[in-house]
Amino acid sequence: MSVVSFGSLALVSGAVAEPVEETLTIDGEEMITVAPAPTEPPGHPFDEVKSGWLYREAETRQVESDSFENPGMLNVQRGEEIWNTVEGEAGKSCASCHDDAAETMKGVGANYPKWNEKEQKPFNVELQINACRTERMEAEPYKFDVQDQKDLTAYIKHQSLGEPVKIDLAEGEMMDWWEKGKDRYYLRTGQLNLACASCHEANSGQYIRADHLSQGQTNGFPTYRLKQGNLVSIQNRFRGCIRDTRAEYPAAFSDELMALEVYTAWRGSGLSVETPAVRQ
Ligand code: HEC
Ligand code: HEC
């Protein structure tokens with residue numbers, strides 16, 4: 001996406017379109033792409049939360065609905081190989097402790113980010129993987145966005161395909177992080193002076209050039225982007241959106257981005273996990 005040629009959101013476009021009303025079925029399983037917005041905590045801006053799938057072109061929608069066509073499934077397969085590969089001084093693989101991910105990881109990814117008692121902060125799946133690598137396998141943590149991290153995260157999230165997103169805000173200090181994430185969501189930044197909400201709330205349904213603005217939901221991540229020919233992680237997506245407002249973007253896994261991840265996950269409560277979703 002390029003925003004170079006417009007200086008304020010008023011110039012985004014004139015075109016508005018409703019998202020399609022279609023059913024997304026993946027491998028015979030119907031996904032929840034529209035859900036009533038969560039009522040707790042109060043203040044959700046929409047009545048209904050909607051999957052980004054509904055805003056994409058027919059061709060892109062089709063690719064996601066067919067596992068054989070979805071190129072992100074190759075990454076999921078690679079993730080399975082990593083799951084079964086021994087690494088680190090302890091001589092273990094993920095499977096050594098967690099066995100068959102289809103059973104042990106079913107539904108797990110739908111509940112992230114999740115409060116981590118030891119670190120006293122929310123963990124996303126990537127941080128949990130790194131904790132298991134360092135503490136349980138005596139292996140190096142993955143650097144942000146290395147291919148193995150994306151593939152393994154996608155593999156874990158994919159075990160929750162179809163499960164509704166539901167994060168537990170009652171644990172630890174999750175509500176403080178939710179608040180922090182909310183503040184960040186409405187904070188205008190960058191030369192274009194735009195907040196997340198400027199695009200994904202006030203202007204969702206509008207077009208930025210060829211891009212139909214969705215609600216900016218996170219239920220499909222890591223997402224396969226056709227343009228990039230690769231998976232894109234949630235925090236990479238956040239950073240890209242922030243960069244497009246011509247602002248400095250925060251470090252990966254910084255408190256700022258973790259808070260945003262908590263808050264945006266909540267905003268999409270009830271939507272099915274679609275990992276790996278397909279986007280243009
Ligand atoms: C030596 C055993 C061991 C190994 C090897 C291991 N884990 Fe874990 N894992 C655990 C334990 C114990 C927990 C629960 C406590 C914790 O969070 O540390 C856990 C928790 C998790 C969770 C969170 C589950 C939930 O319900 O929230 C995920 C996801 C996970 N591991 C993924 C992995 C991945 C991916 C690998 C390989 C890179 C891996 N683990 C390797 C022992 C292990
Ligand atoms: C200048 C407008 C703009 C701003 C500001 C913006 N985004 Fe985006 N964002 C987009 C566009 C365009 C897309 C791709 C089309 C779509 O899904 O809306 C996108 C996509 C996304 C997606 C992927 C949605 C999906 O279904 O794949 C997420 C998540 C997201 N944005 C989150 C954020 C967050 C969080 C912020 C604030 C830090 C933000 N965005 C700020 C324009 C923006």
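Cβ coordinates come from backbone N, Cα and C, glycine included.
Look at TrEMBL and you will find 74-160 tagged as domain 'Cytochrome c'. Each residue in the domain 'Cytochrome c' (74-160) gets a DSSP state, and the totals come to 46 helix, 8 strand, 33 coil.
The feature heme c 1 binding site is assigned by TrEMBL to Cys94, Cys97, His98, Cys132. Long-range Cβ proximity for Cys132 (heme c 1 binding site), meaning a same-chain Cβ under 8 A and a gap of 6 or more residues, is found for Cys94, Cys97.
Less than 8 angstroms from the CB of Cys196 (heme c 2 binding site) sit Arg184, Tyr185, Tyr186, Gly216, Cys241, Leu260, Thr264, each of them six or more residues away in the same chain. What TrEMBL lists as heme c 2 binding site is Cys196, Cys199, His200, Cys241.
When secondary structure is read from DSSP and collapsed to three states, Arg237 (substrate binding site) falls in the helix class. The Cβ of Arg237 (substrate binding site) has Thr218, Phe221, Thr223 as same-chain neighbours under 8 Å, each 6 or more residues away in sequence. The feature substrate binding site is assigned by TrEMBL to Arg237.
Residues annotated as active site, cysteine persulfide intermediate in TrEMBL: Cys241. Taking the Cβ of Cys241 (heme c 2 binding site) as centre and 10 Å as the limit, one finds 18 other Cβ atoms among all the protein chains shown.
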Protein Cβ atoms within 10 Å of Cys97 (heme c 1 binding site), excluding its own: 12
Binding-site residues compared (His98, His200) - the one with the fewest other Cβ atoms within 10 Å: His98
Cβ under 6 Å from ligand 1: qualifying binding-site residues of Cys132, Cys196, Cys199, His200, Arg237, Cys241: Cys132
